[in-house]
Each structure stands twice: as C-alpha cells, then as structure tokens.
Amino acid sequence: MGLRKLSIANVDLKDKRVLMRVDFNVPMKDGKVTNTQRIVGASPTIKYALDKGAKSIVLMSHLGGRVGNKVARYSLNPVGEEVSKLLGKPVKFLPDCVGPETTEGMCQSSAGSVFLLENLRFHVEEEGKGVSPTGEKIKATPEQVKAFSENLTKLGDVYLNDAFGTAHRAHASMVGCRLTQRACGFLMDKELTYFSKLLDQPQHPFLAIIGGAKVSDKIQLIKNMLDKVDELIITGGMAFTFLKKLHNMKIGKSLYDEPGAAIVDEWMQLAKSKNVKIHLPVDFITGDKFAEDANTGTATVEPGIRDTHMGLDGGPKTMEEFCKVISRAKTIVWNGPMGVFEMEKFAGGTKAAMDAVVAATTKGVTNNNGGGDTATCCPKWKTEAQVSHVSTGVGASLELLEGKQLPGILALSDA
C-alpha cells in the first residue's frame, strides 16, 4: 500500500468548506474531558485551515465504542468546549451529524466558522452495525450507509482526515466522503511519513522489538517483520512461549500460549533462512503473583523459574544484551514492553530499553514506538519528545506493521 497521500499543505483551502475527520475519542468523567491530548493533536490542522482562509471547518468524530443510537454520556458537546478553549474562538456544536437541523445550523455562518458535529456513532450507518435503544443488535443496509455518507459529504468542499487512530476502520466517515480532494491533516501526514520511512526506506541494521502476552496475537506482525529486519528481539510474556518450546525451559506460572507455540519452530527456521538474528531473554525478575506487592525473585533460563513464581520483567543480563542490540540499530520498531512496567518492581527492563532508544534517537536513529502499552511508556517517563515518533493509533499502527491495507488511507487522494 502506497503511503504517499495528498497533504493539506498542497490543498487550496481559501473560501472552502473543510470537512475534517478527527479523533476526539477522549476520556470523560462527570461530563468533562479529562485528557485533551487528542484535541491538542488535531489543533495544528484546524488552525492551519483557518489561517488559509477556510470558509468553515466542520469537525466530525466518534466518542466511545459501538453505539448505533443516541446515548447522552457519549455526546461530543463537552469536547466542543475544549476545542473552543484551544482555538480561542467559538465552536458551534450541532446536535446531530446529518439531517436538516445540521445543514440549517451551518447557514448564515461567518467566514472562519468552526462547527463540531454530534457523535458519528449515534447513527448505525457510521459503522454499519450497532445496538438499538432497547439493546438489540442492529445493522444498516448498504443503501443506508451510502445515503449517510452522501449526507456527510454535502457538508464540505474539501475532505481532510486527521484520525489515524481509526484509519484501519472502513467506517462511513473514513471511506465514504468522496469529495474530489481527500487529504491528510498534519497528524495523519506525520504518521504516514514515519511509517513510510520504516517500511519502505529503512536504514540498516533494522531492529524490531516485539512483546506482548500472546504469540498468537503477533503472528502476522512477526511474519511481516521477518521480511524486513536484520534483528528481532522477542520479549514480554510471549518470550516464555518461545523459551519453553525451544529450550524446554521451566517457566513456572508464566504465560504460555499453546496455539502460538505450534509455530515457533517454523518462525525460527524462517528467521534463519532470511539471516534474521533472534534475541530472547536470558534472565528474569519474577513475582509470586501478578500484583504490585508481589514477592520478587530472579531466575535464568537454566534452571528456570520455580513453580510458585512467574516471569514479569527482563533481568539485568537480558537488558545489557538488549541495549547493545538497540545501540547498533539504525531503524527501530518497538511494539510491546519488556515487562509489567505499570508496576514499579517490574518496570526496570522497559525503562532500560526506553533509555537505550532515547540514546539511539540522539544519534539520528529512526524509531517508531507503537502499540498501546509501548505508547503508554513514553508519557510515564516523559520521553515523548526524546524519541522519533510515538504512534497515535494502536490498531492502525499494528495493521500497517503487519503489512495490511488500511481503508482510511486507501480512501485518500494520492500525492
């Protein structure tokens, strides 16, 4: 899939109605936004469109999971207040995203007006399926989805997409707005630029760090990475499946993925055939339970982890070796932490890896830190500005790394 798409910087926005898909799926508590990071992320694109003389900007987003009907707690109205504060100008909230009330609400607007539509997922047509007010599963017909998409399209002259986090979803607002110019906002453009560097033009040695609980969750990712990388670190809970399968290691109460174990030998043979060097942990920090107050211990591959304990982090020898591997890489993809970094007793391995990636970044190494847990590591240690890129889309970034086609990107105009 080509990642070179039309950028907002190459679109004439003067006197145009700009229809912009954003990701304002923000955390809420008691009707208030508790984290504005995603709103802040979209603001450069919104401000740029205003500066370039856009007639109006129509913002559309989802909030919450699959809905299919109007649910008060998922209203985007409180988000509009935060957007207004950030822009320093009024943002008119519209109580629906399509229909006569929406179009009438935009009439007689002054130049540079900003509108925020109500939650797209209040309409079952956005995702194609949802839940009725009485709790029954419902589906939209293709004709209904098409009509919904066309009604959204009528609200703009130019379509911008800055919602990388939903780029892997073939939802109406992502793929159905068939305006002549369909461009990336700055946030989307940044994501695509970094992934293009990583996947199409990587500098070598190219290293992938892949963690997570289950091997079976990362099958497609590992398979695709083996075609691209020079070295691969297998870490986190999934490492125990490799170690038990390959070395008959005693892993105690550690995670073991039986379905994933069935393909470990095949992967090792594939890696060997492609001259990819695989690195696995050699020692561990263990705990007698999955809890902050666990009694800790240490273990090595031989004699293994005792029956009462589980491996919850990489040990010092492991991290010394992994950091050496990181230090010689020129391109790094990191998807999955070294251990249970949310618990301080088991955060040392991930922190050591983060420090090594930060050090590599200062030397010009391109790196992408994606996956929900890995992306969370950066705010924990305040390293967002010290690494090349922290992806804003967990599912979207994983599917790109897996080599999949993303509907929301395919729908954009080519550069």
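Backbone N, Cα and C atoms are what each Cβ position is placed from, and that goes for glycine too.
The 10 Å shell around the Cβ of Gln37 ((2R)-3-phosphoglycerate binding site) contains 11 further Cβ atoms across the protein chains shown. Look at Swiss-Prot and you will find Val22, Asp23, Phe24, Asn25, Gln37, Arg38, Ser61, His62, Gly64, Leu120, Arg121, His168, Arg169 tagged as (2R)-3-phosphoglycerate binding site, backed by similarity to another entry.
Over all protein chains present, the Cβ of Gly212 (ADP binding site) has 24 other Cβ atoms lying within 10 Å. According to Swiss-Prot, the feature ADP binding site maps to Gly212, Gly236, Phe341.
What Swiss-Prot records for Gly212, Asp217, Gly236, Gly336, Phe341 is CDP binding site.
For Ala213, Lys214, Lys218, Gly237, Gly311, Glu342, the entry in Swiss-Prot reads AMP binding site. Cβ contacts within 10 Å of Glu342 (AMP binding site), excluding its own Cβ and spanning all protein chains shown: 14. When secondary structure is read from DSSP and collapsed to three states, Glu342 (AMP binding site) falls in the coil class.
Marked as Mg(2+) binding site by Swiss-Prot on the basis of similarity to another entry: Ala213, Asp217, Asp373. The number of other CB atoms found within 10 A of the CB of Asp217 (CDP binding site), across every protein chain shown, is 14.
Annotation source Swiss-Prot lists ATP binding site at Ala213, Lys218, Gly237, Gly311, Glu342, Asp373, Thr374, citing similarity to another entry. Taken residue by residue with DSSP, Ala213 (AMP binding site) is part of neither helix nor strand, so it is coil. Neighbours of Ala213 (AMP binding site), defined as other CB atoms within 10 A of its CB across all chains, total 17.
Using a 10 angstroms CA-CA radius around Lys218 (AMP binding site), the binding-site residues that qualify from Gln37, Gly212, Gly236 are Gly212. Sequence-distant contacts (6 or more apart, same chain, Cβ under 8 Å) of Asp373 (Mg(2+) binding site) comprise Gly211, Gly212, Gly336, Pro337, Phe341. The Cα atom of Val22 ((2R)-3-phosphoglycerate binding site) lies nearest to that of Asp217, taking the binding-site residues Ala213, Lys214, Asp217 as the candidates. Scoring each of the binding-site residues (Lys214, Lys218) by how many neighbouring Cβ atoms lie within 10 Å, the top position goes to Lys218. Pairwise Cα distances among Ala213, Lys218, Gly237, Gly311, Glu342, Asp373, Thr374, which the record gives as the binders of ATP, peak at 21 Å.
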